[in-house]
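As annotated by TrEMBL, domain 'Major facilitator superfamily (MFS) profile' applies to 1-391. Taken from TrEMBL, the feature transmembrane segment covers 28-49, 55-77, 89-112, 118-141, 161-182, 188-206, 227-247, 253-277, 298-316, 368-387. Annotation comment: TrEMBL describes 411-444 as region 'Disordered'. Here TrEMBL flags 416-431 as compositional bias 'Basic and acidic residues'.
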Amino acid sequence: MGHEAAQIIVPVLSLSDSTPNRGKYQGIIGGVVALGYTVGPVIGGVLAQKVSWRWCFWITLPLSLLATVAVVLVLPLKPVHGDMRKKLLVVDYLGAFLTLIGCTLIMLPLIWGGVTFPWGSAVVLAPLCCGFLVVLIFCLWEWKGARLPIVPMYIFKHSTVSGVFIAMFVNGFVFFSALYYIPQFFQVVLAYSPIHAGLFLIPLLIGQMSSSWIAGMTISRTGRYRAIVYSGFGILTIACGCISIFSESTAKATMVVLMLLAGIGSGMTMQTTTVAVQASVARKDMSVVTAFRNFIRMLGGAFSLSIASSLVNNAMRSTMVSLGLSSSTISAIVDNPSLLAHPAEIELSSNVASLILTQGYTTGFRHLFFLNASLGALATVVSFTMVKHKELLRGDEEKLKQEGLAALKARKAKHHQDCKSPEPDLERGDVEMETLSGPEVKDD
């Protein structure tokens with residue numbers, strides 16, 4: 001919740017400047033976020049290996065406090081006017097509740113399917129169908145029922161908006177699955193330490209950070225974003241297809257280059273899509289489409305972890321079946337994979353346990369990145385056909401800029417008037433007249 005609440009800073013900062021300059025600021029923001037993604041896994045690996053995995057969560061407390069103080073003191077927020085009670089009454093609570101329930105009902109069966117319960121079982125199919133039904137109810141409510149909808153349905157009449165939402169779901173799916181499963185691949189298959197595995201994420205994140213910044217600056221200078229978006233997804237598709245062939249024998253230099261390529265592709269699609277949706281809608285809808293674009297990306301990330309977990313677990317189950325393990329042993333390992341670290345407890349040899357991990361995990365990893373490459377290809381086609389170019393400079397841009405400058409000057413003038421007069425400087429000769437001539441004498 002805290003991470004998603006902080007996402008509002010992006011639209012606040014980008015909407016506070018003229019449209020042509022947003023690419024530059026979006027690029028800077030994307031670069032800073034990628035820097036955090038780069039440092040985070042390394043610090044997390046150090047804490048998990050040297051101290052305790054719990055410190056990966058404890059360390060967020062002082063960092064979150066520091067960020068909160070910085071936002072309060074530095075971010076120039078306008079005072080909110082109006083009755084707070086009336087504002088709270090128009091919040092779309094039912095829409096938020098339906099979103100939560102619908103997403104949960106869809107994601108849980110994707111985790112259970114083929115691992116905890118068979119795909120055809122009622123335990124999997126019932127919540128999955130109910131989840132899609134709740135999503136349909138949510139759309140109807142947002143269309144006809146909500147006074148102030150979370151997602152106004154009319155924004156989808158813009159092909160660019162719909163295309164960007166599809167593409168950003170793919171971006172979140174691919175990026176977060178890579179962020180989670182690439183370090184795990186190095187730990188499980190190559191037996192690297194958490195610190196060493198975290199270091200291998202740096203090429204991916206440096207590629208994203210640099211390309212996000214360069215793409216933002218390019219948009220700011222040229223006003224063009226469409227080619228950057230679909231080229232980025234094309235690069236990401238190629239990189240994911242190549243990453244799917246990772247194995248124990250793959251050269252480390254090859255891995256680094258491919259992860260750098262994936263990062264470049266992901267970064268090219270990050271902030272450019274924000275500029276695209278903002279340029280495609282009326283000014284009053286900019287904050288809505290920006291926030292929903294961020295939500296869709298994070299939703300893609302959540303679905304990716306659910307589906308990836310199912311793919312990897314099903315691959316490991318298939319490997320165990322091919323090795324002739326009993327159904328009771330397979331069920332025990334699926335329920336508690338940590339048993340593979342102590343194979344003697346389930347009467348397995350260390351060689352068999354190692355084979356289950358390496359062969360099963362490698363197969364699941366390959367299936368995941370095949371899926372990522374397929375989704376990347378879909379996003380490439382969608383962004384090429386649906387994302388249209390819009391001029392970033394609006395007709396009212398200059399007028400709003402002048403109004404903003406006038407308001408800033410008025411605020412400075414008021415602040416200057418409210419300030420107290422400075423104390424006299426005797427060394428400079430700034431002495432009050434009363435001191436030189438004495439008190440004024442009034443005539444009788």
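Using N, Cα and C of the backbone, Cβ positions are placed for all residues, glycine too.
These numbers come from a predicted model, not from an experiment.
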Seminar exercise, completed: Spatial neighbours of the transmembrane segment (227-247) not adjacent in sequence (6+ beyond its ends, CB under 8 Å) are 167, 170-171, 174, 178, 182, 185, 189, 211, 215, 218-219, 255, 258-259, 261-262, 264-269, 272-273, 276, 362, 365-366, 368-370, 372-373, 376-377, 379-380, 383-384, 387
Exercise. The transmembrane segment (253-277): which same-chain residues, six or more beyond its ends, come within Cβ distance under 8 Å?
Worked result: 10, 14, 19, 22-23, 26-27, 29-30, 34, 160-161, 164, 167-168, 171, 174-175, 178, 182, 200-201, 203-213, 215-216, 219, 225-226, 228-229, 231-240, 242-243, 246, 289-290, 293, 376, 379, 383, 387, 390, 392
Seminar exercise, completed: Contact set of the transmembrane segment (368-387) with the rest of its chain, CB cutoff 8 A exclusive, min separation 6+ beyond the ends, reads 159-160, 162-164, 166-167, 170-171, 173-174, 177-178, 181, 226, 229-230, 233-234, 236-238, 240-241, 243-244, 246, 265, 269, 276, 307-308, 311-312
Seminar exercise, completed: One stretch in 161-182, 188-206, 298-316 has more Cβ pairs under 8 Å to the transmembrane segment (89-112) than the rest, namely 298-316
Problem set entry | Distant-in-sequence neighbours of the transmembrane segment (188-206), which means Cβ under 8 A and at least six residues beyond its ends | 34-35, 37-38, 41-42, 44-46, 48-49, 178-179, 182, 247-248, 255-257, 259-260, 262-263, 266, 357-358, 361-362, 365
